[in-house]
């Protein structure tokens with residue numbers, strides 16, 4: 001080998017400086033390669049000496065081979081890193097339409113992989129050309145190291161490994177939370193009464209559970225035929241007034257403050273009894289309830305200490321007497337607690353700086369001593385008397401707002417009253433967003449059937465002796481991180497495959513149940529701030545821009561672009577739900593446009609398929625319906641929720657049926673018919689006009705709408721809590737979105753057929769003049785809608801306008817995204833990856849990312865909100881991706897192409913659904 005050849009095989013591989021290909025410093029057993037990732041961070045990857053030598057030899061041979069070929073054809077060419085980069089980019093790259101966005105290949109690698117470019121090919125990748133333009137060898141080596149480093153990372157951090165990691169996390173977290181509940185000695189009631197924190201200024205968040213905000217009708221219903229007694233000093237009186245205002249907001253604090261105060265509302269009685277000290281008078285009152293003829297209260301809230309401190313000037317003798325008096329009444333309180341709920345209210349702190357001279361002896365040190373005395377005396381082994389400490393914790397953050405330093409501000413008093421109401425009523429009313437003091441609901445008949453079917457499938461699978469160790473291992477694609485699946489033999493049906501999918505689904509459903517039905521994982525309520533919504537939003541859009549790649553096709557709304565569109569919309573909706581942004585009307589109105597855009601895509605996509613293909617066969621219909629509804633039907637059984645609860649799936653399924661009926665009914669008009677005559681184009685427009693009239697007729701006839709959808713068994717599909725009002729609201733809100741999508745698809749396909757559009761790469765969609773005008777109008781329209789939405793003050797009024805004007809922003813976005821040729825030629829693989837599983841993401845969020853049926857947030861990592869979001873999101877995305885694959889796999893088995901087997905399975909599915917409806921009707 002000549003010196004120049006030896007130089008070529010080594011110098012470009014060992015180079016880490018910026019002196020060009022001639023430099024060769026830092027040759028050691030460990031070579032640190034600086035890699036610029038697409039996040040914009042610098043990372044160092046250390047490769048062992050044997051790995052470096054292997055790459056050096058392999059790439060050196062590749063480069064030498066390429067150089068010799070160039071030298072023989074064109075003369076001697078100076079060696080360059082570009083050759084090595086091109087060889088690396090071409091080596092082993094595979095194309096996968098389902099590759100993960102976070103592990104997506106670069107543009108050069110995607111082209112090389114899709115074309116299977118051989119070494120020495122004349123085609124030069126975009127990344128290599130860009131590398132050649134660099135004037136510094138160090139920059140070239142950074143790009144080369146990026147390619148090699150990414151391949152090294154993707155070899156270990158594939159989708160499969162991510163899912164294994166998520167499984168391990170689920171197992172560990174389940175064991176941790178189960179052990180904490182079992183051995184921790186506390187439940188959600190203890191958490192509710194003892195600890196919490198403020199979200200914002202006045203929203204109280206108990207530790208590990210959700211606080212329900214009771215309406216006066218709910219409070220009255222819960223406390224009907226009950227008697228409640230508040231016993232204590234002025235602080236207890238404050239708590240009393242806050243409590244009864246939850247039943248009647250019009251109550252005023254009037255009358256003598258040092259006397260008993262009765263309150264009667266219907267058949268409910270709430271009394272305040274003035275006992276400022278723990279003394280014999282208080283003991284006699286308690287004895288009267290336990291041994292006398294006086295009616296015993298169902299709930300007793302009691303507490304006192306500040307008067308004892310004040311009257312005895314904070315002397316230690318008063319503390320000893322206080323503890324002795326508590327000992328004297330402790331047995332009586334225990335007896336009362338056997339048949340009533342007894343709460344001892346720990347003393348709240350004071351704001352010593354503004355206390356009057358007559359109260360200066362009431363210090364926080366004294367308060368703590370008296371609280372310790374109460375806890376040590378009343379906290380017996382029976383633990384029947386509960387301690388209300390949450391209001392004390394809340395007061396520690398807000399006591400500085402007190403007017404006199406002793407009495408709490410109104411917002412803090414309301415915390416104690418709300419905590420008490422949740423403690424008393426959650427187990428009775430069982431509000432979905434009040435997870436504190438609630439036990440796991442009993443299994444319904446359908447849940448038991450679902451559990452039995454899943455268990456049966458697992459048993460059959462185990463009997464067949466199928467295990468992962470006997471399964472042929474699929475090698476992962478190093479670039480995309482996906483598994484390369486072996487070719488499937490047509491007509492070959494292996495029962496182990498579907499059973500494996502069902503077993504996976506059963507384990508996933510177990511996780512769903514544990515997250516949102518079992519009393520294992522914690523839940524917290526949502527709290528909206530602008531930062532919780534907009535900061536994640538900015539972050540995901542930055543990621544989406546970084547993961548931009550060339551589209552395989554440049555047609556308007558091509559597959560990659562629609563996947564990208566669905567992906568970023570779904571991520572925005574997820575952040576919207578997680579942050580509770582529905583309380584902020586401008587964000588709410590923009591998200592309503594995103595939902596309308598999904599339905600717009602439904603109309604656009606299905607119309608285009610039927611118009612171009614003319615395939616109205618039952619196989620296609622079953623495939624679509626199965627893909628849309630499989631996960632929801634399973635969740636309805638497992639989570640005991642009605643079909644309409646997952647409102648988006650019934651909505652999309654309904655509109656798919658409408659589109660199918662519109663296109664399939666006589667006369668069936670297809671593009672190949674319309675090409676020969678304008679009459680058929682006009683006939684299709686008349687069909688769409690008929691659909692529009694049908695929609696308007698139902699929209700303005702609510703009585704007819706309710707009459708149609710209240711008929712059994714249709715009512716079982718569209719009712720929610722015995723009413724179809726929710727279905728009416730959802731349907732009416734976006735009633736024109738689908739037909740707008742169908743009309744847009746028709747106009748686009750006609751213009752395309754007439755060759756009035758320029759969809760070549762890099763060219764604007766229309767002529768420059770028309771394109772500029774349309775872009776200007778689109779930008780103005782887009783901004784006008786946003787300005788209008790930002791000015792909305794009332795949801796009801798804005799919702800009335802939404803069906804008519806949401807299409808403005810949708811069309812404006814489509815034109816802005818597609819008119820410029822360069823914009824149409826690119827797409828974000830990050831967003832497109834999420835777009836492929838957008839349906840699963842939308843549905844799964846209900847139970848394993850959010851909690852309490854989307855009312856709260858699932859807490860897997862308590863005490864660390866940021867880490868909790870990271871872990872729960874990672875598991876959530878992995879589960880959604882796996883469910884998407886399971887759905888696709890089962891669809892191939894459940895929906896055969898042969899009409900005979902398909903009709904039999906449809907009959908079986910119909911019988912199963914009828915049985916489910918009958919069983920749900922009987923419950």
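Note that Cβ sites are derived from N, Cα and C of the backbone, with glycine treated the same way.
For the ranges 469-486, 487-504, 505-522, 595-612, the feature annotated in TrEMBL as transmembrane segment maps to 595-612. Ranges compared are 678-700, 701-723, 793-815, and TrEMBL records transmembrane segment for 678-700. Remote same-chain partners of the transmembrane segment (902-920), defined as residues 6 or more beyond its termini with a Cβ less than 8 Å from a stretch Cβ, comprise 445-446, 449, 618-619, 622, 637, 713, 716, 894-896.
Most Cβ pairs under 8 A with the transmembrane segment (624-640) among the ranges 568-589, 595-612, 831-851, 857-881 are made by 831-851.
Within its own chain, the transmembrane segment (678-700) has Cβ neighbours under 8 Å at 658, 662-663, 667, 669, 732, 735-736, 739, 742-743, 746, 750, counting only residues six or more beyond its boundaries. The transmembrane segment (646-666) makes no contact with the transmembrane segment (568-589), as judged by fewer than three Cβ pairs under 8 Å among residues 6 or more apart in sequence.
Sequence-remote contacts of a segment are chain residues at least 6 beyond its ends whose Cβ falls under 8 Å from one of its Cβ atoms, and for the transmembrane segment (595-612) they are 557, 562, 565-566, 569, 573, 624, 648, 651-652, 655-656, 659-660, 663-664, 670-671, 734, 737-742, 744-746, 749, 802, 806-807, 810, 813. Long-range contacts of the transmembrane segment (568-589) within the same chain: residues 526-530, 532-533, 536-537, 540-541, 544, 595, 597-598, 789-795, 798, 802, 828, 831, 834-835, 838, 841-842, 845, 849-850, 854, 857, 869, each at least 6 residues beyond the stretch ends and with a Cβ under 8 Å from a Cβ of the stretch.
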